[in-house]
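Participant: My structure is below; once you've seen it, I'll send some questions.
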């Protein structure tokens, strides 16, 4: 009886995605494919360059490489499925596939929230505690911070995704989204989901609001340090590196807050799809451009790498 009531691994979900706008599907396919390729190329470029050039073996670029790898995994967890659904008439995903997708989307999104806090602490230590920076950001400690970001994401996701799929899905298998996400799946349940919705709100507050508060606190201290600087060169370098990180933080947290920290409503469902599309497709493609644009360290690394290749 329980097997009949609950979904089995042979069941499928139908991802409605952008089926309300069939005339946009071809355009969306092309645009999303372009952004996905930019994401792959840009983030792989940062990872490879940071690995090959010894001058970039610093805490800042170590964390940036982790962020790039996170973005690669995050987009790959949902975008290929979306492209397949946009290209052809088949818009289904298996129960097992939906479970795996939800797990990785939650895990990688949570890990990115924590990693952005770690990166803001690195900037705080560099600007406000420059004499103690090498001690504060010891390579071993940096590896521990990066590992903590990943572990917190995957641990939290294991609990949250299990809690989501624990409820019986008694209705149709129509998921009104382009990937498996918690609010869309909760709408398929025929039982009271207030506990799940409360859990979602609490987890969103812990891993969205608290990281954002910590980041803003770090940059408040950085702002005070910047205002007291006498060196124009130092000021420009701080503004360049911290400005890039602040822009990345804004592009990630603002859409996520609009998505998960507002009351659910029927009217906002379509709007939510485009918000989710922004932080899963656009933001990961912009991060490499933001960090490398007019970045002297990256330009120098490219010149050294090209010079080494030509010298060979």
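Including glycine, each Cβ sits where the backbone N, Cα and C put it.
According to Swiss-Prot, the record shows the following:
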type	residues	note
DISULFID	98-190	disulfide bond
CARBOHYD	6	N-linked glycosylation site
TOPO_DOM	1-26	topological domain 'Extracellular'
TOPO_DOM	51-58	topological domain 'Cytoplasmic'
TOPO_DOM	81-101	topological domain 'Extracellular'
TOPO_DOM	122-140	topological domain 'Cytoplasmic'
TOPO_DOM	160-196	topological domain 'Extracellular'
TOPO_DOM	221-237	topological domain 'Cytoplasmic'
TOPO_DOM	261-273	topological domain 'Extracellular'
TOPO_DOM	294-312	topological domain 'Cytoplasmic'
TRANSMEM	27-50	transmembrane segment
TRANSMEM	59-80	transmembrane segment
TRANSMEM	102-121	transmembrane segment
TRANSMEM	141-159	transmembrane segment
TRANSMEM	197-220	transmembrane segment
TRANSMEM	238-260	transmembrane segment
TRANSMEM	274-293	transmembrane segment
Participant: Can you tell me which recorded stretch out of 27-50, 59-80, 238-260, 274-293 has the most Cβ pairs within less than 8 Å of the transmembrane segment (102-121)?
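Facilitator: Stretch with the highest Cβ contact count: 59-80.
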Participant: Count the CB pairs under 8 A between the transmembrane segment (27-50) and each of 141-159, 238-260, 274-293, then give me the winner.
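Facilitator: The stretch with the most close Cβ contacts to the transmembrane segment (27-50) is 274-293.
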Participant: Between the transmembrane segment (197-220) and the transmembrane segment (59-80), do 3 or more CB pairs sit under 8 angstroms, pairs being 6 or more residues apart?
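Facilitator: With fewer than 3 qualifying Cβ pairs, these stretches do not touch.
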Participant: Which entry in the list of disulfide-bonded residues, 98, 190, has its Cβ near the fewest other Cβ atoms, using 10 Å as the limit?
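Facilitator: If we count Cβ atoms within 10 Å for the disulfide-bonded residues 98, 190, the smallest count is at 190.
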Participant: In the same chain, who gets a Cβ under 8 Å from the transmembrane segment (274-293) while lying at least 6 residues past its ends?
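Facilitator: Long-range Cβ neighbours of the transmembrane segment (274-293): 32, 35-36, 38-39, 42-43, 45-46, 64, 67-68, 71-72, 74-75, 78-79, 177-179, 181, 244, 247-248, 251-252, 255-256, 258-259.
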Participant: When you scan the chain for residues with a C-beta under 8 Å from the topological domain 'Cytoplasmic' (51-58), skipping those not six or more beyond its ends, what do you find?
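Facilitator: Same-chain contacts beyond the ends: 65, 297-298, 300-301, 304-305.
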Participant: Through the lens of DSSP with three states only, how would you label residue 190 (disulfide bond)?
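Facilitator: It is coil.
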Participant: Grab the same-chain neighbours of the transmembrane segment (197-220) for me: Cβ-Cβ under 8 Å, and only residues 6 or more beyond its ends, written as numbers and ranges.
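Facilitator: Beyond its ends, the transmembrane segment (197-220) has Cβ neighbours at 110, 113-114, 116-117, 120-121, 123-124, 156, 160, 163, 182-183, 186, 242, 246, 249, 253, 256-257, 260-261, 264.
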Participant: Could you count the residues of the topological domain 'Extracellular' (81-101) that DSSP puts in helix, in strand and in coil?
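Facilitator: Helix/strand/coil tally for the topological domain 'Extracellular' (81-101): 14 helix, 3 strand, 4 coil.
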Participant: Which numbers of helix, strand and coil residues does DSSP report for the topological domain 'Cytoplasmic' (122-140)?
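Facilitator: Counts, helix then strand then coil: 16 helix, 0 strand, 3 coil.
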